[in-house]
Amino acid sequence: ISCSSPGAAAAPGGAGALTEDVGTSLYFVNDSIQQVTFSSTVGVVIPCPAAGSPSAVLRWYLATGDDIYDVPHIRHVHANGTLQLYPFSPSAFNSFIHDNDYFCTAENSAGKIRSPNIRVKAVFREPYTVRVEDQRSMRGNVAVFKCLIPSSVQEYVSVVSWEKDTVSIIPENRFFITSYGGLYISDVQKEDALSTYRCITKHKYSGETRQSNGARLSVSDPAESIPTMLDSFQSREVKAGRLVELPCIASGYPNPAIRWLKDGRPLPADGRWAKRITGLSISDLRVEDSGTYICEVTNTFGSAEVTGTLTVIDPLRVTLTPKKLKTGIGSTVILSCALSGSPEYVIRWYRNTDLVVVDDYISIRGISNETLLITAAQKSHSGAYQCFATRKSQTAQDFSIIMLEDGTPRIVSSFSEKVVNPGEQFSLMCAAKGAPPPTVTWALDDEPIPRDNGHRTNQYTMSDGTTVSHMNVTSPQIKDGGVYRCTARNSVGSAEYQARINVRGPPSIRAMKNITAVAGRDTFINCRVIGYPYYSIKWYKDSLLLPDNHRQVVFENGTLKLMDVQKGMDEGEYLCSVLIQPQLSISQSVHVTVKVPPLIQPFEFPPASIGQLLYIPCVVSSGDMPIHITWRKDGHVILSGSGVTIESKEFMSSLQISSVSLKHNGNYTCIASNAAATVSRERQGRQVPPRFVVQPNNQDGIYGKAGVLNCSVDGYPPPKVMWKHAKGSGNPQQYHPIPLTGRIQILPNSSLLIRHVLEEDIGYYLCQASNGVGTDISKSMFLTVKIPAMITSHPNTTIAIKGQSKELNCTARGERPIIIRWEKGDTVIDPDRNMRYAITTKDNGDEVISTLKLKPADRGDSVFFSCHAINSYGEDRGLIQLTVQEPPDPPELEIREVKARSMNLRWTQRFDGNSIITGFDIEYKNKSDSWDFKQSTRNISPTINQANIVDLHPASVYSIRMYSFNKIGRSEPSKELTISTEEAAPDGPPMDVTLQPMTSQSIQVTWKAPKKELQNGVIRGYQIGYRENSPGSNGQYSIVEMKATGDSEVYTLDNLKKFAQYGVVVQAFNRAGTGPSSSEINATTLEDVPSQPPENVRAISITSDVAVISWSEPPRSTLNGVLKGYRVIFWSLYMDGEWGEMQNITTTRERVELRGMEKFTNYSVQVLAYTQAGDGVRSSVLYIQTKEDIPGPPAGIKAVPSSASSVVVSWLPPAKPNGIIRKYTIFCSSPGSGQPAPSEYETSPDQLFYRIAHLNRGQQYMLWVAAVTSAGRGNISEKVTIEPAGKAPAKIISFGGTVTTPWMKDVRLPCNSVGEPVPAIKWTKDSEDSAIPVTVDGHRLIQANGTLVLRSVKAEDSGYYTCTATNTWGFDTIIINLLVQVPPDQPRLTVSKTSASSITLAWIPGDNGGSSIRGFVLQYSVDNSEEWKDVFISSSERSFKLESLKCGTWYKVKLAAKNSVGAGRISEIIEAKTHGREPSFSKDQHLFTHINSTHARLNLQGWSSGGCPITAIVLEYRPKGNWGWQSLRTNSSGELFLTELREATWYELRMKACNSAGCGNESTQFATLDYDGSTIPPIKSAQGEGDDVKKLFTIACPVILATLGVALLFIIRKKRKEKRLKRLRDAKSLAEMLISKNNRSFDTPVKGPPQGPRLHIDIPRVQLLIEDKEGIKQLGDDKATIPVTDTEFSQAVNPQSFCTGVSLHHPALIQNTGPLIDMSDIRPGTNPVSRKSIKSAHSTRNRYSSQWTLTKCQASTPARTRSPKQSGAGSISPGAGRCLMRPPSADKGRNSMVSTESASSTYEELARAYEHAKLEEQLQHAKFEITECFISDSSSDQMTTGTTDNADSMTSMSTPSEPGICRFTASPPKPQDSERGKSVAVPIPHRASKSDYCNLPLYVKSEAFFRKPDAHEPCPVVPPREASIRNLARGYHPPARHLTLEPGTKPPGLPPPTSATTLPQRTLPMPTPAGTAAAPTAAPAATAEPPTAPPTAAAAAPAEPRAPTHSKVGGSRDSLLEMSTSGVGRSQKQGAGAYSKSYTLV
């Protein structure tokens, strides 16, 4: 691992230094090793962290700097630098070796580096045990187990795992193991207390593992308590980048909440922070994470907190720059040590492993000493520099290699001589290298070159350190020629180079300066010639041509070199001569002066003794004066003083020492200097022979310890000491030099150090010293080695068998005497006190053997024994771990689960006998048998802790026990347990399974129970599995379940696929489960109609009356049977929106040709497929139009004379235009004129009349008309004959007839006339028996041409309109029958069938409103929802099946019809419920199938679904007495386990099973078993509380019984009413079915007299209306029956009367009589009127015409009047004949809508009454007694039905969502009744036989109905003809609109009212029938009283003051009907007929 740092090369190395890559020479392999801990029994090998390349020398040192040595068998340094410490015994422990700091160095030519200190520590094998303490916790809390490790070994022992009942715990679910070895159990449950918990530890260095004791967890029930800390953290330091866990957990109830704070603030949002159950976990630690952490634990009862400080230490990192530096001597070196990490560190600098000492060259700077500065670096400063940073136990370092070399510059590249012309630019280059990089200067002829424009220099340093300099001469002149010299200089030295540059021009010589030379050195003299060319340069001295000796050299460039200059010979004048022409030369001289350096004569130090005087002279024998002489000693300048004197002269200096001593020893140097040079001479100081300062003496050395043999000498030169050794204790024969190793070294004071004394070191030692001065000296000594006491042999571990003797041996050696002591654990064994132990000791040569005998071994001896050997020189210890083995303890057996034929066991092995468990045996038997008849399961693997015992008998009792084995033997038997097996599922299938298809979607399955011997219990029910076996089915069975009813069973499978084959199997089940299934049997469902229409239906028009329809077969899967053929349904669509008759054609082919179709007519076509079961689904409507053809004849023609010469002809369009009319052709011919061809005239298709002029007066003309289409001219009309006349009587050319139009449209009734004078037009409208002129108003307009325009026609606009044209000559009349079409009437909707998922509806359409019904809209919703869903149904359908409904759910349904006008009234909302009920739990089912101490198994199959699938089962349970419930939800209907229950505890359980129909509840109590499987007693009351409980019971019982009685009564009434309600619903359906059989079609207009009887029972509006089969007796021709005359109506008014509303329908708009139509709803804009006579063609729309409402007052008999307690919806005060009604009270109960006295009717009974009445032909006189009624409308929010507090069975009740209910009695009329009303066409009113009151409409809120009138106030009389129905509000109008009858205004015949009658908007007509001669029925015991009050009596009765005089109602278009209520009184007896029967209709 290289310690280089990125970027180091870029850092500066020093001033002028060069950093370059000198190659990696030293490095660290791993400098992070800073601590090595090892086991004394294992040893350790430590490689040297440092290394080098090339190979470095590796050495180990102690931290003190001492190099280490080999100690045999203890320590050894290998050749590769690895340090090895061998295993050793405790007695061989040496702290210098086994507990010390080491470091390793690596050294080669680059330097020497050292590793950081490495702490080496040996760990002894010590006895220790780990423990786990028992813990307590509350259920639902957290439990914390800690592994307690002794502090002495805590540093080396760590937790590696936890065991639960000998099985290792895997951290998951609720179990967590923390990083520091804690075990957390979250959400503690009761079952956690059944296990034991152990921790497993491992010694980090010895690898030894230990298992703790087994700890238990005590689990208690939650109890309110403040939080208690279970585990917390303390302050700690952690390195950055690591993960830390801060534990914080507490117990308490409620479970405490934990909040963490850092430095008083919430934790920052950081993904590195994780709050776990174990505490706070912080990953990737950063320095900023340091701080104070607070863990707050809080619940509702208190809080606790723990605080700690976390310090994050950023590891130290050191970077030293530059990394490698190569520079020259004398450079400045700067080393920068950059640190990162935590502060508070200390920096130390090392060079070559030695601590750097600051001196003149080296300084350490910076705040933290981070900079090392070396100035004027010397060669000795080279090496490896290290920067060490230390912070506590952290150390980091980096190093740098500094290489200092001779950096004298050298020229590496230069220029050469050249010749240039003047002005020719040239450049000279000079490159030099040196360390530090040199600086280059330039000179020309020894003079600096000036910097000017002509001379420029530049200089730069290249990457390799080369300095390059250029001299650029831009425009040279002759003077620029000469010798150019470049000089490179640095702090070390200089170098130069020169060469001549010649510039052409006249030569000359510059003036030359004198030169001074140094004798003995070389000198150069340049001839400063300029110009070029020249011939030669010569030198002369003393006129002699040079050279003249060997020391002189003349170069070609004219330079003279003088070598080894001599003063006398070389000093003088030198002449330079330049030959510029052959005969011409020039010259110049220069003087050379020679200076001589000093020369020191040799001198010596004379011998001198201490204290003598010493004189040393230093003489300079030659050299130029002045000369300066100085002295130095050991490199330091010597100054005079302290006994030293220096005397100096011109050429000599003397050193005088007045008294010689040892301090004067050293090297002395004399230094002489002058102007020429400085020289020196060095000599050594005085010599002293060696002598002993400390002499060696005999010594004792202790084995294994360090020893020093003292020997100290001095002398000068310092003596050299040598130690020698002679082995043996006798006289030394021969001494041998001692090899100096790391173990043996000579100390600086000459003593011999033996760092580790061995036995072989005994003997004589000789200390010998010499220094070459005098004689060597020596001295001997003897070393004796003493052996300390040490244990040489003992067993580390040994095994004993419990009950047997065991001996432990321990061998020791050492100096005698030796004492051996035995200890058991920490206790000394004393055999005298404990007789089980015996100790013996014996000598065996140089060893002592001690034996400890155990008599016998016991379980408690499984501990550490130690033997201690002690003598005077030391002590040693040997540890022996003794394991006493024995048979194991028996396992703890637990029954986990018991089934019918098996049981699951679990066991926990406690103490294993200190021997591995080898297996287990399980024995079991029938409880009644002895163990001799046991059955066994043997040799169960020891790794298994549970087993299943199989092949048991169901419902049997067994005893079971268990053994465990190890190699020692078998344990005792475990505790015997008793169990009972459960029932088993049946083993046999049901028998005799048969299938019978019932419908297309159902199959009936029958079978018998399985054989008795195979049932294995009571058969609870069966599962029927069925699957479709058709191709493509998935083959999966669908399962349904039913309860068993006996030996033979029947079940019907519903909702199957149609015409599909099914396979069915049946299984029986009992409480234990399901048995085998029967063999599959197949059956096929019956055929059904196809569910999809034919595909690809196409229609093509061939001709005007032929079309072809084609299609393809529906998908096979949708045929639902065998296809029989197809049916094509088609009908015409006329231009007026009406539909033609529906026709159909049946065929087996896929194509049909439709013939005989109407021409040019739109047709709708549908196709369906049919099977044996019937018609399938129709295809979508396809539209087709037949082609055009010639038209038919015009429908009518008229011709009238308009003058004497002209006639006007008019006509009607053809009834069958057969196309688009293009024009009309009028033909005119005169038979007597003789013209063969008629005249033809043409008009446009829009003009339907034509005036033919120029005719002859008195001549007859024949006229006819024909229409023309694109197909041609059509048939001609009838021919009419006309002749012009002079007189023109009024004639109408327009046609009468029938005009049909939708309501709310504008209608034009034409009445064009001709005549002279112009006729006057008058329009009238027939009204009853008179014609009423049409008045012109905003609604009616008569145009100038006579056309009557009716705007926004309404239903009352229907009728016959007569137009009369009159002039003086005559008149003409046409009658137009206007038919206004309205939306259809509401259908009569009933429920015909229901199932669990469907409701089948049937209906009878109402009146079609004059336009055929196009379809129906069905809306339905869940009862309590207003979210309606729409279904669109064909007009031909009369029933519909709503499918996919919720089971057991109430639904609301309503239906509306549509015709061409729009949607009609919505039917009354009806309610129906799908089959099914809420779930219930079967009483014969056992709820619990198994209960033990912690679990309970529930049998959910006991829940009966009630016919609807169970969607969810919710269970809540709690210990008895607790408040809080624990919830559990499941949708399974099988078995369910309640887990984690408390043992031996009573529980409360309540269950709720829900399906779509509702929820059923079940509750019970159960108790868990005790720990040993036994039951617990019932809960008993505490003593002293019994009396209170009895008192409470005594008081509570009557209250509870009363409450139960009331509830039971309410339930019984509710059930009865539910049953009655169902019967009522059924009766309604049956009644309407009867009615439908006798009704005429509602879709076809009635033409002519009524076609048969009509019994119209409009139940939703409570009307019972009857029509005679043969027709009502007529009063006269074309006169309708008058139902009641004013006189008849008023004759029976009785002052003692009581008012009730009677709704009568007036036969209107019908010729003889017509259907009586419900007037409960009128479309906007209608205004009912009455008339007596009208044509029969309007009978289908009289629903929107008239209705009369009568108010009838009946007499009340005081004797029979109900008391207030008996009254129901209304009551009569005794003796008062007043109109009285008590306010109603609301009852919201769904099933309490009606209460009747008689059972509901059946179809046959109703039919019998009807047929009897019909046979009597007195149906119009049949008596219908309305015994009970209430009216409701689901849309109203005002609807309530009133009762008093004490309502009886006659009380009507309702809710706002219920339909109307009426109960009536039908019977033949009495003979006396039959004559009274033969001309009456309305039902006769009857009085209820058991009541003295009548019901008013229950919405009546007007105060007039609830006040008490005066005694003489009769009920107001309103003639029926003048009464009108007003303000009968629809469901969506607010109830604030009222009708006001203003006082003083009344219709004709109406007495003045006493008060205004105000009805709310929702008021409906009450159908109490009345007749002209009918008398009210009194009670059976009463007699009829004659009327006493005249009709005018009402006028005399004043209104009660508090009654309102009038009130107003807001009118709007949405106000449909208005109603005025009056009353009449009648009296009549009632007789019971033979066929009298009561019926109830809903």
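Note that Cβ sites are derived from N, Cα and C of the backbone, with glycine treated the same way.
What TrEMBL records for 1732-1741 is compositional bias 'Basic residues'.
Feature annotation from TrEMBL assigns compositional bias 'Polar residues' to 1742-1770 (among others).
Residues or ranges marked as compositional bias 'Polar residues' in TrEMBL: 1835-1857 (among others).
As annotated by TrEMBL, compositional bias 'Pro residues' applies to 1945-1954.
Annotated compositional bias 'Low complexity' per TrEMBL: 1969-2004, in sequence order.
The compositional bias 'Polar residues' feature in TrEMBL is assigned to 2018-2030 (among others).
The domain 'Ig-like' (116-218): residue composition by secondary structure is 5 helix, 49 strand, 49 coil, according to DSSP. Annotated domain 'Ig-like' per TrEMBL: 116-218 (among others), in sequence order.
Per-residue confidence over the domain 'Ig-like' (227-311) averages 89 (mean pLDDT, predicted model). Summarising the annotation, TrEMBL assigns domain 'Ig-like' to 227-311 (among others).
Annotation comment: TrEMBL describes 315-400 (among others) as domain 'Ig-like'.
Per-class residue totals from DSSP over the domain 'Ig-like' (409-502), listed helix then strand then coil: 3 helix, 55 strand, 36 coil. As annotated by TrEMBL, domain 'Ig-like' applies to 409-502 (among others).
Residues or ranges marked as domain 'Ig-like' by TrEMBL: 507-587 (among others).
Residues or ranges marked as domain 'Ig-like' in TrEMBL: 597-680 (among others). Secondary structure by DSSP for the domain 'Ig-like' (597-680): 3 helix, 41 strand, 40 coil.
Shown for the domain 'Ig-like' (690-784): DSSP residue counts in helix, strand and coil, namely 3 helix, 49 strand, 43 coil. Look at TrEMBL and you will find 690-784 (among others) tagged as domain 'Ig-like'.
Positions annotated as domain 'Ig-like' by TrEMBL: 788-885 (among others). Mapped onto DSSP helix, strand and coil, the domain 'Ig-like' (788-885) counts 3 helix, 61 strand, 34 coil.
TrEMBL lists 887-984 (among others) with the feature domain 'Fibronectin type-III'.
The domain 'Fibronectin type-III' annotation in TrEMBL covers 989-1088 (among others).
Contact counts against the domain 'Ig-like' (507-587), taken as Cβ pairs under 8 Å, peak for 597-680 among the stretches 227-311, 315-400, 597-680, 788-885, 1383-1477.
Each residue in the domain 'Fibronectin type-III' (1383-1477) gets a DSSP state, and the totals come to 0 helix, 51 strand, 44 coil. Ranking 116-218, 887-984, 1383-1477, 1478-1578 by CB pairs under 8 A with the domain 'Fibronectin type-III' (1093-1189) puts 1383-1477 at the top. For the domain 'Fibronectin type-III' (989-1088), the partner stretch with the highest count of Cβ pairs under 8 angstroms, out of 116-218, 690-784, 1383-1477, is 1383-1477.
According to DSSP, the secondary structure content of the domain 'Ig-like' (1278-1367) in residues is 3 helix, 48 strand, 39 coil.
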